[in-house]
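Structure first, commentary second.
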């Protein structure tokens, strides 16, 4: 089974059902080298006394690593962690790693809840969006994605009167990406289906690069309009400008990588031919306009000459 086929077919689901509220986490994605000190920020605006930090590895359940019942109260959770936390203010609960290691690679989720009892963890917890942390021994393994858009098949269009564009992002590491579709300059969500998670291109390798596929389905009529523009945009979260880089290729910093397609009419009338037609029509119009102007000048000259002759004959 090919890598691209795996990307088309793969679906990966997280088991945790999380409630998002006014919980803010920064950064959303972070890739760093071994030994760096990092702080993951978490804040909430609901005035909750209880706050929590969880760690979740891919495909695994949440593990509580730290919690707090209020200002200056911090406790360790049920999972041994080399991180530390502080609670100087009610709304603020940062988590710090003094010396990051590859084993710290994971997703870190911050949550809060109302205080209804110190010993109970059954209160409704509100979660932030999470921070995806990747710690690497060598930053040369970081690669941005290559992105391609594949046009709909004629068979689908003729049988269903629908058109599905496929976007494929390949060759990126780590899996810190967000994919979106844009039509005529505006982001769209209707008709979009994106894989829940990126897939490893070589599942047997720990440092395998990733791929991600997404589909945008529109009506055949909409696709067959050459004026419609489709763009697949992949936001890649890579290195920062401050990270040291000694490789002979471009530094894989945080960046946007895109691919695009134009609508294609069913009679072979492509966006290129449409634009060429518009250009030809514009030139023809200018030629005709020029001829009309020249004709008007000639007519005016003839009228003037006739008036002069008439005046001379009267004289």
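Even glycines carry a Cβ here, placed using N, Cα and C.
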Among 14-19, 68-73, indicate the range for which Swiss-Prot gives the feature region 'CDR2'.
68-73
How does the model score the region 'CDR1' (46-50) in terms of mean pLDDT?
93
Could you round the CA separation between residue 167 (disulfide bond) and residue 110 (disulfide bond) to a whole angstrom and send it over?
32
Using DSSP, what is the helix/strand/coil residue split across the region 'CDR1' (46-50)?
0 helix, 1 strand, 4 coil
May I ask for the distance between residue 232 (disulfide bond) and residue 42 (disulfide bond), taken between their Cα atoms and rounded to an integer number of Å?
31
